[in-house]
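Let me begin by handing over the structure; questions about it come next.
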Amino acid sequence: MGLPWYRVHTVVLNDPGRLISVHIMHTALVAGWAGSMALYELAVFDPSDPVLDPMWRQGMFVIPFMTRLGITNSWGGWSITGGTITDPGIWSYEGVAGAHIMFSGLCFLAAIWHWVYWDLEIFSDERTGKPSLDLPKIFGIHLFLSGVACFGFGAFHVTGLYGPGIWVSDPYGLTGKVQPVSPAWGVEGFDPFVPGGIASHHIAAGTLGILAGLFHLSVRPPQRLYKGLRMGNIETVLSSSIAAVFFAAFVVAGTMWYGSATTPIELFGPTRYQWDQGYFQQEIYRRVSAGLAENQSFSEAWSKIPEKLAFYDYIGNNPAKGGLFRAGSMDNGDGIAVGWLGHPIFRDKEGRELFVRRMPTFFETFPVVLIDGDGIVRADVPFRRAESKYSVEQVGVTVEFYGGELNGVSYSDPATVKKYARRAQLGEIFELDRATLKSDGVFRSSPRGWFTFGHASFALLFFFGHIWHGSRTLFRDVFAGIDPDLDVQVEFGAFQKIGDPTTRRQGV
């Protein structure tokens, strides 16, 4: 039976034992990758500066997912929030990684067992002795078990009843920590940025899954529906499973890219929309204005801005600035952030405060334009000096820093003023170390961007897979010439193979 390479998976089509085996082996590979990747990331992760060099700047991918579920400590003696730990306990980052690797090994052995012992009695019909699977019953069992897991996660892990809780932070990603979360049963639970919705939705969805599972275990599908949806065909299971997976992938791509309580900015980095909308800039100005209203000086007001908040307001942390094929972490792009230089305030010779127009997300270069409080252009860095009217030299622009390392320092030299005006296009100004990692100065995306791109791409691919396999099972008689009501099953690898002349096409 010469199967082409793209149809080799049909060998498990009517072999439940080996179908289970290959799925267990797949689980072993996934769990093994997760544990190994976690150990690799822990080997290269630098926990020394959680403010200016957080996990998402270092390109960590699996550490943020462990952290949002309540893991914060390492056997190396450090905590993700900074400081040292004396007793991290079993469920540290390394402990979780090790558990995944051990689970992977057990799955590997189980896969081998099921491959060798494939012809089990449980796969045979008691009445006829022929191979058969009660797929609606199996669906009910799986739905019930997944409902129990979903309910347990929401009712115990997230709420802290039996578990650590989840990562919760303020709207500006400054005070994040792992804590128990109470379910939000009101309308606020539908706000994607309310952590309580995670608990309540898992409890509700889990309850629904348990009830639906019990329903499918106790109620048989009508014959017309069973035949119409080909419920006796394992490819129907494949098609509907792919549908569930691609739907979930589309959903999480959205919650990651647009932001939600499940994707905190402290763990995955800010979203592009927070730059586009000046989200952090507005909060910084609000805090400064409040300080000035309390009779603080500019220097005092700006010095009270958390460095963490200022760092979010920097275009280099925008996940949409990274090119699609630029490999590496953000630190490999613009460098490792060392310190905030402070907020530059530009003034012309008449004393007007000027604001540098910020670079939009999808621009690589952008003209340096300084406007006043009314939006009128007062200064720029001209492309052609011969025709300039608003150059820094002509307008007499100066810059003074408030807060940060250059607090109180002012410059009137045009070359220096223009240098900081160019850098102010990119948000708050930071000193960046490019030497340590040989950073090339080209922006990279954060794990938020990678996750979104990967899941959106695979969701699209799996959508077509759902259409393909759904069509194959619904129109099997048209595509393969096989009677859709044919329920005869023979040994694995020798039945229902397109292109195989030995496949029976009609029931006797």
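From the backbone N, Cα and C atoms, a Cβ is placed for every residue, glycine too.
Here Swiss-Prot flags ASP348 as aspartyl aldehyde. Per Swiss-Prot, the feature transmembrane segment maps to 21-36, 101-115, 140-156, 203-218, 237-252, 457-472.
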When each of 21-36, 140-156, 237-252, 457-472 is checked against the transmembrane segment (203-218) for Cβ pairs under 8 Å, which one has the most?
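Comparing 21-36, 140-156, 237-252, 457-472 against the transmembrane segment (203-218), the winner is 140-156.
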Sort out the residues at least 6 away from either end of the transmembrane segment (457-472), same chain, that have Cβ-Cβ distances under 8 Å to it, and list them.
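Those are 235-236, 238-240, 242-243, 245-247, 249-250, 253, 479, in sequence order.
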Under a three-state reading of DSSP, tell me whether ASP348 (aspartyl aldehyde) is helix, strand or coil.
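It is coil.
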For ASP348 (aspartyl aldehyde), what residues in its own chain, 6 or more apart in sequence, show a Cβ-Cβ distance under 8 Å?
LEU354, ARG378, ALA379, VAL395, GLY396, VAL397
